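J.: Take a look at this one; I'll ask things after.
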Amino acid sequence: MSQDAPSCFTAIISPADRVQVLAEALPYIQRFAGKTIVVKYGGAAMVKENLRDLVIRDIVFLATVGIKPVVVHGGGPEINSWLERLNIPVQFVGGLRVTDKITMEVVEMVLAGKVNKSIVQMINQAGGSAVGLCGRDGSIIEARPHQSAQLQPDIGFVGDIQSVNPKLIQSLLKEGHIPVLSSVASDENGQAYNINADTAAGELAAALDAEKLILLTDTPGILLDKDHPRSLIRKLDIYQARKLIAEGVVDGGMIPKVQCCVRALAQGVRAAHIVDGRQMHALLLEVLTDQGIGSMLVASELV
């Protein structure tokens, strides 16, 4: 293998091992060729340079072998950094960013500008053809003000998703591009809203009739015991996922991620994955190997 070989093989020592990896990946490449996979990109995999490079190369690898990746990203740490630079208070209520007018301007500047274009450039430098977008472009995502079942203070321009129009994304995929979407959207009057990136990824996956939704996180996946990584649940269905939430096994920040997966599955996405983005080549390991590395959710265990 030449020095220009994809980095996904650099950690593998022997030629025999390399051949084994390719042999194991082949049926998955054949199975998912032409299929759409929506990747929510965030967490440590977005912040740490070594992991960031590997995720980008994984995305380009998937596109190169005929799979159609779509990237949806957040950028919380970068937003916080810029708010602090501008002496704007960083506030959260119930896990949601308090987003007043000036904060919304910073959120849009950072997500749709700096973070989005950085990801696009990295993909292009790695050999892909990425196009940067936000939910406002082509009216991909229409937002509405966030509604909470609990009484809470006004949190400003935090939005829920009213509807998704996938036509622009579909056109880009048809032309061989990798769409990269930031989670900023507008309501019917053109007001910008900050949308949860997990939610945006899940709803977009459903609208695209995607084969897979993959959430890159900073946890191994869904754990029976959150203090023991070896208690990873590798496969579960919608009923089991809801049961784990009701029993309190799934709690805290994992609840909205699991709910996002469940909603995507209920709308026709074939599988949803919660994957540890801190693992090297997490995407390739989850999509192209027999065992995977995270938790896979399906509509029914019969699938």
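Cβ from N, Cα, C; glycine included.
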J.: If Swiss-Prot says GLY75, GLY76, ASN194 bind substrate, which of ARG57, ARG85, ARG97 does it name for the same site?
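T.: Given GLY75, GLY76, ASN194 bind substrate in Swiss-Prot, the matching entry from ARG57, ARG85, ARG97 is ARG97.
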J.: By Cβ count within 10 Å, point out the most packed of the recorded positions listed: LYS40, ARG97, LYS257.
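T.: When each Cβ's neighbours within 10 Å are tallied, LYS40 leads.
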J.: Measure the Cβ-based neighbour count of GLY75 (substrate binding site), defined as the other Cβ atoms within 10 Å of its Cβ.
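T.: The Cβ of GLY75 (substrate binding site) has 25 Cβ neighbours within 10 Å.
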J.: Rounded to an integer, what is the Cα-Cα distance in Å between ARG97 (substrate binding site) and LYS257 (site 'Transition state stabilizer')?
T.: 17
J.: With an 8 Å cut-off on Cβ distance to the GLY75, GLY76, ARG97, ASN194 Cβ center, who else from the chain surrounds the substrate site?
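T.: Close Cβ neighbours, site residues excluded: GLY74, ILE79, VAL107, LEU111, SER183, ALA197.
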